[in-house]
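S.K.: Pasting a structure here, questions to come.
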Amino acid sequence: MNKTISASPITVIGAGSYGTALAIAFSRNGYPTYLWGHDPEHMQRLAEERQNAAFLPGASFPDALCIESDLASAVEKSRDLLIVVPSHVFGEVIEKIKPHLRADSRIAWATKGLERDTGRLLQEVVEERLGKHFPLAVLSGPTFAKELAAGMPTAIALASNDETFALEFQARIHCSKHFRVYINRDMIGVQLGGAIKNVIAISAGMSDGMGFGANARTALITRGIAEISRLGVSLGANPNTFMGMSGLGDLVLTCTDNQSRNRRFGLMLGQGVDAQQAMAEIGQVVEGFYNTKEAYLLAQRQGIEMPITEQVYQVLFCGKNAQDVAMSLLGRERKGE
Ligand SMILES: NC(=O)C1=CN([C@@H]2O[C@H](COP(=O)(O)OP(=O)(O)OC[C@H]3O[C@@H](n4cnc5c(N)ncnc54)[C@H](O)[C@@H]3O)[C@@H](O)[C@H]2O)C=CC1
Ligand SMILES: O=C(CO)COP(=O)(O)O
């Protein structure tokens, strides 16, 4: 591995479960890593306990991981930044880091979602607020934070608009023991797959919550990937991306395993629990809740049919119940695959 890369630090912005897990992965590979979070008390606890006991109990911080509660210093310390905050605060966080960026900063994010209210891809948010001169990258794929932090085998996709950044970022996080990072050149597809799978995972949870079986869940996954691909292609994505880590990979993971908060949220909706109560019980970010409306509006703008997304939208924002959603999807007109 290149010595210059190995000596240079990285800063992770966002100390929730996933930001912490990725910071552990970088520092476990020996890179000096700064982890910044916006809640000083939470950061104080992380520094004292050398673990994120609230989200990842038992995953001890490697020595190379430093807790940083001052944003200016966190951003200035590293050329490479990785933003891992929920999508609904993504734009606000970009604004906050802007004054502290270095001329040579490179910006990556692992946030999965669309911009709140507008439904824009996060790349557009970054480019609008920071201009187009910073190298950018996005990480997305089937990666539950707990498994990643525990060092269990995991694979992910990394897309960038800058070849050197992609290769150097891959070298930092890829390791031959448990974390494989695949480079993909399609930033649009990688971002979109990670955002819309959350909505489909809610539908799979609803289906299971109503007591439907493996057939229904699998039909939702399969038709879900079809509608994600249609939307992606309309935005200029490569359809093959949706067969990769950020598409099918993450969709299967979140639709089938109860570690997924989006799936658990859907399970509760299917059992008749109110959306706000379900969110409160989960107690962590449920991206699909924030992004269903944006995904639905984006599909409308693009003129793309997304029946599953539309039905989840009806449940969250129009008061439709899960049983009626099932009837609407099953009762659609006959069509070819
Ligand atoms: N947890 C996981 O397994 C994975 C999460 N992701 C994505 O990572 C992103 C972050 O999710 P998690 O870490 O899981 O969420 P989380 O619910 O565990 O933590 C969210 C963190 O964001 C912080 N936060 C809230 N408002 C903020 C603000 N205005 N400025 C800065 N920080 C703020 C909270 O303090 C909290 O620490 C999401 O987009 C999620 O989809 C992606 C892959 C896996
Ligand atoms: O994106 C994830 C795993 O890849 C995490 O899924 P949830 O946000 O549904 O928990």
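Glycine is treated like the rest: Cβ placed from N, Cα and C.
The following feature annotations were taken from TrEMBL:
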- LYS197: active site, proton acceptor (ACT_SITE)
- GLY14, ALA15, GLY16, SER17, TYR18, GLY19, ALA145, ARG261: NAD(+) binding site (BINDING)
- SER17, TYR18, HIS38, LYS112, ALA145, ARG261, VAL285, GLU287: NADPH binding site (BINDING)
- LYS112, ARG261, ASN262: substrate binding site (BINDING)
- LYS112, GLY141, THR143, LYS197, ASP250, SER260, ARG261, ASN262: sn-glycerol 3-phosphate binding site (BINDING)
- 10-165: domain 'Glycerol-3-phosphate dehydrogenase NAD-dependent N-terminal' (DOMAIN)
- 186-325: domain 'Glycerol-3-phosphate dehydrogenase NAD-dependent C-terminal' (DOMAIN)
S.K.: Pull out the binding-site residues from the set LYS112, THR143, ASP250, SER260, ASN262, GLU287 whose C-alpha sits within 10 Å of the C-alpha of GLY16 (NAD(+) binding site).
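M.R.: Within 10 Å Cα-Cα: none.
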S.K.: Taking ligand 1 as the reference and 6 angstroms as the Cβ limit (strictly under), which recorded positions among TYR18, HIS38, LYS197, ASP250, GLU287 are close?
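M.R.: Going through TYR18, HIS38, LYS197, ASP250, GLU287 in sequence order, those close to ligand 1 turn out to be TYR18, HIS38, GLU287.
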S.K.: Out of ALA15, ALA145, LYS197, VAL285, which recorded positions have CB atoms lying under 6 Å from ligand 2?
M.R.: none
S.K.: What binding-site residues in the list GLY141, THR143, VAL285 lie within 10 angstroms of ALA15 (NAD(+) binding site), counting C-alpha atoms?
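M.R.: Among GLY141, THR143, VAL285, not one has a Cα sitting within 10 Å of that of ALA15 (NAD(+) binding site).
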S.K.: Taking SER260 (sn-glycerol 3-phosphate binding site) as the reference, which of TYR18, HIS38, LYS112, LYS197 (the recorded positions) have a CA within 10 A of its CA?
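M.R.: Those close enough: none at all.
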S.K.: Could you say which of the recorded positions HIS38, LYS197, ARG261 has its Cβ with the most other Cβ atoms inside 10 Å?
M.R.: LYS197
S.K.: Near VAL285 (NADPH binding site), which binding-site residues out of GLY19, GLY141, THR143, ARG261, ASN262 have their CA within 10 Å?
M.R.: ARG261, ASN262
S.K.: Taking the Cα of GLU287 (NADPH binding site) as the centre, which of the binding-site residues listed as GLY141, ALA145, ASP250, ARG261, ASN262 lie within 10 Å of it?
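M.R.: So the list is ARG261, ASN262.
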S.K.: Only counting partners 6 or more residues apart, tell me which same-chain residues put their Cβ under 8 Å from the Cβ of ASP250 (sn-glycerol 3-phosphate binding site).
M.R.: LYS112, SER140, GLY141, PRO142, THR143, GLY193, GLY194, LYS197
S.K.: Reported as an integer number of Å, what is the Cα distance between GLY14 (NAD(+) binding site) and HIS38 (NADPH binding site)?
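M.R.: Cα-Cα, rounded: 7 Å.
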S.K.: Would you mind pulling the longest C-alpha to C-alpha span across LYS112, GLY141, THR143, LYS197, ASP250, SER260, ARG261, ASN262, which the record has binding sn-glycerol 3-phosphate, in angstrom?
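M.R.: Answer in Å: the longest Cα-Cα distance is 15.
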